[in-house]
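> Below is one structure. I have some questions about it.
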């Protein structure tokens, strides 16, 4: 007989699980409507975004071309003059005109001097400056992406990140030593700050955004202040984050105006160090931002930027298509797309009818999309157009495109639900993610092809000056005995870097003819090699030389550079040629020239030096695209297939050596060295 036994089991009390902290979702202006309770879409945190962006931006600093001669002659050359005491001087960087800021140039002196302190030479200084400004761009872009994730929408932030990362436009603009690039960095941070709705509880936002917009305009480019107009309008007239009783609207508006006015006064203090530095450098009272505005707007009919070329109204459309391809139409239809969303997908904007004391999300998002339209309209209205003028708005192009892509995704979701009558099936569908991913991937691949085209087709000028420093000048030192022999047992691969200082013994002159505007700057030319211009068909004004200063400077000694306070005779703001800035071709030891076999020489001022073998010897040549004899598509993009490249024609971008002059100098220096050793 079985006994009726009951058993008591004791279970150890488990430790209570800590509460799971969930990051709040759906707090931005745009709201996901499917899978709202699902895990949020992946986005890199700030640290991860910086590390990923930095890989691309540093690569751009090392390998991107210099797109604009203004970058070289108005910024790299003044920096080189501060650093080394010689360089080219344009009329813009003279006390008579003073439309380039020495304060902006001076910001880059520390990274330029660091390689010299470490005894690494001038060439590393060039890349140190580019890497420094690329790092600055990286930090600004990462901040913008994270702010968009938090204040607009997580998916929009993710699209923006990848659009910025792979954009050919950002590849060019991020490492550029230009005020418009600096304005881009400042505008990016200001825009990130301005994404948060204005409110009485967040006065710091108004101050930070105002100061950042002002910094970009005062230190960088004054016209970039136009990008702040929608922000100013919101600050003055839109409730944004404030709930305002209609009876108290007057006092609210007075408070808002007062707050922005105080922020503006505080931002105006940025003028103080800029004016002090510029006035000291020019040796006279100089307010460079005002000089820039005065020259470009009030210069008069016989002077001004139009002297340097005009372009049709569609210039920026074509240029932006090169740099942002499919993102351009997406960016410029963002406001119409927002209007469509207002009609068919209001819930995405949490669109209940706002009370009189509230601002609608539609209004807030429209104000954040507006700066790109304002900027493009202003620049398109100007006759003189250049690619760099659009730089401050480059991140905004990606932002507007990201918003449009998200809104289109929303339309697809609405259409799918309407067709299937099933939100569940829509939430499980991969169509929407596949569409957005396809757009981002296609844009990235086209941009990659464009970046590779710029490298393969137009990188020759930078390569040529590398060949001069790395091969030709060491050869001269070697054949004349000025290069010390390696210690016994030392392999060539382990040899120390070559000191090119003795190259001064040759008194070399490197000349630039019709290719003067592609000169990459004195940082890529070793000290001891003088650079000059020879006459070509160009009949405008070429730069002069700064008055040389041989003093060895520390970080505080740049005030003693006299050239910044002198306007060389011949420099003018009318683009009138000054013949005294040219040297005879017979006095040149080396010449940089571009030879297109399919474009026969048609002028005695521009003969085909590269085929004049009696006078000139080819030291080094690199292919350079002959755009006028190449297919539009194949010259725009690069593909690694032979049939694609066969549709392009190339010329030779060459470093040429004057046979008689160089060989004579080699013999003279070798004899002198031999005599000294005896």
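For all residues, glycine too, the Cβ spot is worked out from N, Cα and C.
Grabbed the feature section from TrEMBL, which reads as follows:
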TRANSMEM  159-186  transmembrane segment
TRANSMEM  206-233  transmembrane segment
TRANSMEM  260-277  transmembrane segment
TRANSMEM  313-341  transmembrane segment
TRANSMEM  362-383  transmembrane segment
TRANSMEM  389-408  transmembrane segment
TRANSMEM  429-458  transmembrane segment
> Which bits of the chain, at least 6 residues beyond where the transmembrane segment (159-186) starts or stops, bring a Cβ under 8 A of a Cβ in it?
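43-44, 49, 52-53, 56-57, 60-61, 64-68, 70-71, 75-76, 79, 101, 104, 108, 129-131, 133-134, 136-138, 140-141, 144-145, 148, 212-213, 215-217, 219-221, 224, 320, 322-325, 327, 387-389, 391-395, 397-399, 401-402, 405-406, 436, 440, 443-444, 446-448, 450-451, 454.
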> For the transmembrane segment (429-458), which stretch among 206-233, 260-277, 313-341, 362-383, 389-408 has the most Cβ pairs under 8 A?
313-341
> Can at least 3 Cβ pairs under 8 A be found between the transmembrane segment (313-341) and the transmembrane segment (260-277), with each pair 6 or more apart in sequence?
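Contact criterion not met.
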> Given the transmembrane segment (389-408), which of the listed stretches 206-233, 260-277, 362-383 has the most Cβ pairs that are under 8 Å apart from it?
362-383
> By a Cβ-Cβ criterion of under 8 Å, what residues six or more beyond either terminus of the transmembrane segment (206-233) are in contact with it?
101, 103-104, 107, 179-187, 189-191, 193-194, 198, 259-260, 263-264, 266-268, 270-271, 274, 289-290, 292-293, 296, 367-368, 370-371, 374-375, 378, 392-393, 396
